[in-house]
Amino acid sequence: MALTASTRPLFNDFNLPSHSKNRDPAILRSHRTHFSNPSYLLSFPQISSSFSQINTQSRCPLFKSMPLVPSRKLNSKVRASAAGEEAYQEDFSWSSPWVVYYFGYDIGATSGATLSLQSAELSGTTWFNLSAVQLGLVVSGSLYGALFGSILVYPIADFLGRKRELVLAALLYLVGGSVTAYAPGLGVLLLGRVLYGLGIGLAMHGAPLYIAETCPSQIRGTLISLKELFIVLGILLGYFVGSFQIDAIGGWRYMFGFSAPIALLMGLGVWGLPQSPRWLLLRAVQGKASLQEYKEQAIVALSKLRGRPSGDKVSEKQIEDTLVTLKSAYGSDEESEGSIFEVFQGTSLKAFVIGGGLVLFQQITGQPSVLYYAGQILQTAGFSAAADATRVSVIIGLLMTSIAILKVDDLGRKPLLIGGISGITLSLFLLSAYYKFLGGFPLVAVGALLLYVGCYQISFGPISWLMVSEIFPLRTRGKGISLAVLTNFGSNALVTFAFSPLKELLGAENLFLLFGAIALLSLGFVLLYVPETKGLTLEEIENKILK
């Protein structure tokens, strides 16, 4: 049913208290988290709570005793909460954005680890002489593990729950990193890579899902986009550890193993988080446990997420309103989870076309392939090594991701997608022109490459996963996101596999022309099919857009 002012759903926007009316307008602006605020790099509740005593006026929602901004329109108008009380945002902390940081670390560390592993002097093994197929399996082992993980989580996502899925991801990171680091032979090494990849598959599914279901709508875009930032930071850390250990005997073991102790800390941080209140209510209306018991747990979880006293009236009212919405949408308390193919029906199918289409275009517009040419292109502009060139592209990506994080909840999702994909299309056509008839102007290729990386990181990079986490109805959100993750890794593997044959068949100039045509098609897809979800709660997206 449509959401009204009298029945505002869980995690709706809140308002400033009356005593805040006359504050400096600069203080009353949006509390969206900015990348420039280093506290967001902290992920454990016990750490973030200590900062509340240092700066209670910060806009970052990790800090306590901070009044919330007004609902959607950023003004100082005061309204009472649904329970008749003024609403405050005292606290909001988690570890989930950090989980996918390990995906980036694996990308960065693998490049150095494979060099170390194949060195007769530095590998520290007798089986260093790997064939091309064996080396390919080492590099792509985590990708295939992630593919399997996204398949595995499809039927069990709602059974596990968002928190347990993240804990399991951390455990797989820990085991996979440890097995890889201590591998006595290639077979065990590949097993560790696959286990690590399973953690990636679960994390790429669980992290945006948990964030979307627990954060206030006015900062949801910023927080889910942080996932992409943590991936880029993970890549940089992987490069750093690799460069530090590249001359050590058995350095590849340290490169792969460095993730294990940090995964342990991450798992402990996630363990301290509450369950997603929306997931608890979903299981309650599905008849998987006592409705009253799960409703009480949801109230406690929401109170903890907002830093309120356990079981306070504001949280209780919000849970009651959301439960009414869920019952209206999904029927009686005893309703089952539905068919395993339910995601291909009705509103869920519409959501999958939008979300799955975005992550598909994210890969088939050439993102893995363009970066393949980064070293060659930037070397022509004076960079001494391919590794230097790659680091430049990663830093550009980091800067542009920061811009996306800052602006996604101001400008909206669709404008960033349209602007970014337009830049991607232009850059691909420029790269094609460079290889066709502008070979004497390497700066054109350098500019096109940096334009591609920058535009990708303000559009497909963060926004695709943000839309995926928002667009699915609660009933099929777990299955839908797992299908989107499967689409992402499956198309990634396909593009990576097909790249070399296509390059030989078409040549670089026609390959980039093909990617440019696909990018142009993706721009039309965004214009025609992708809605704007800025400022809407998940229930409003389901009722106003999907229905």
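Yeah, the Cβs are placed from backbone N, Cα and C, and that goes for glycine too.
Annotated in TrEMBL:
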type	residues	note
DOMAIN	92-534	domain 'Major facilitator superfamily (MFS) profile'
TRANSMEM	132-154	transmembrane segment
TRANSMEM	166-184	transmembrane segment
TRANSMEM	190-212	transmembrane segment
TRANSMEM	224-242	transmembrane segment
TRANSMEM	254-273	transmembrane segment
TRANSMEM	416-435	transmembrane segment
TRANSMEM	441-468	transmembrane segment
TRANSMEM	480-499	transmembrane segment
TRANSMEM	511-530	transmembrane segment
Segment-segment contact (the transmembrane segment (254-273); the transmembrane segment (441-468)) at 3 or more Cβ pairs under 8 Å: no
Non-local residues, at least 6 beyond the ends, that sit with Cβ under 8 Å of the transmembrane segment (132-154): 103, 106, 110, 114, 117-118, 160, 165, 172, 176, 186, 189-190, 193-202, 204-206, 340, 478-479, 482-483, 485-486, 488-490, 492-493, 496
Rounded mean pLDDT for the residues that make up the domain 'Major facilitator superfamily (MFS) profile' (92-534): 84
